[in-house]
Amino acid sequence: MNQRAFTPPAWSISDREFDQLSRTIHRYSGIVIGPEKRGMIRARLQKRLVALQLDTLAEYLDIVSGVSGRAERERFVSSLTTNVTSFFREKHHFAFLVEAILPALGDTTRPIRIWSAGCSSGQEPYSIAMSVLDAHPEMAQRLSILGSDIDADVLAKARRGIYAGSSLTGISDDFRSRFFEPVEDGRGTDLRIRAQLRDLVTYQQINLNAGWPISEKFDVIFCRNTAIYFAPQTQCLLWRKFHDVLRPGGWLLIGHSERVPAECHHLLQPAGITAYQKPG
Ligand SMILES: C[S@@+](CC[C@H](N)C(=O)[O-])C[C@H]1O[C@@H](n2cnc3c(N)ncnc32)[C@H](O)[C@@H]1O
């Protein structure tokens, strides 16, 4: 017998409910949800109400606000995150990595640690890995890259490392053949990051606005197009936390519309286009 599809009764979000939802999201993730997102929130909530077979938004709010609502809070925040990314996005940072940062690190023999914070589905950490392997293959042995995101779904994609051939627009034919292999699925349209590159990256679910399970320092942190969703005071806190986990002389690279404000420049000095350096 076919099970009838569950449809919650028609509903709308009251001002009070919207306020409660946006405060819950902000408290958990730091993400600011403005009133213009109301329509989008409603559409995403509709999916969650159907999945959980709930009749009212009030029931859903009880779940996400409750002490045992962590898993649902995570799922809800994941459904709201903007995960847009691409290989070699804002490519001046990869040129900066190769031309300015790696030569400075080449003078040392210690491990090189790079963090892609807010890495989405992995294109950013894999672009970092390709840049290093291409310019300084001898550094691969001491390179480790951490990719992190709040969203478990995008991290699963990043770990698989499989991408539609059509999404590899920023990648040269040379990089395509050296760093990707066809997926044996009979269709031949998807490409997988080669193991040599995948092995350089580990992934971890980290909420940038909660405690970080980080014990070692980084040489470079990419945190691009992620802090833009946070309030200015949350961003400031984040820049300070990045300063604390960078080595002296380490670099922070941020998105094109983000800035470390002047009051933090004693911690992170401007060092290029949306690039900052911790004093050595
Ligand atoms: C637009 S993507 C940026 C991806 C990549 N850095 C780039 O520039 O192409 C923003 C990512 O930040 C993640 N994000 C949002 N809030 C976060 C938080 N509080 N902690 C960690 N990641 C978060 C989202 O899940 C999303 O994958």
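Placement of Cβ uses the backbone N, Cα and C atoms for every residue, glycine included.
Residues or ranges marked as S-adenosyl-L-methionine binding site in TrEMBL: ASN83, THR85, ARG89, GLU124, ASP149, ASN207, LEU208, ARG224, ASN225. On its own chain, LEU208 (S-adenosyl-L-methionine binding site) has GLY30, ALA117, GLY118, SER148, ILE150, CYS223, THR226, ALA227, LEU238, LYS241 as residues at least 6 apart in sequence with a Cβ closer than 8 Å to its own Cβ.
Residues or ranges marked as domain 'CheR-type methyltransferase' by TrEMBL: 12-280.
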Rounded to a whole number, what is the top Cα to Cα distance in Å among the residues the record ties to S-adenosyl-L-methionine, namely ASN83, THR85, ARG89, GLU124, ASP149, ASN207, LEU208, ARG224, ASN225? 22
Name the residue among the binding-site residues ASN83, ASP149 whose Cβ has the smallest number of other Cβ atoms within 10 Å. ASN83
Counting only residues 6+ away in sequence within the same chain, which have a CB under 8 Å from the CB of ASN225 (S-adenosyl-L-methionine binding site)? VAL84, THR85, ARG89, GLY118, GLY255, HIS256, SER257, GLU258
Note down the number of other Cβ atoms within 10 Å of the Cβ of ARG89 (S-adenosyl-L-methionine binding site), including every protein chain shown. 18
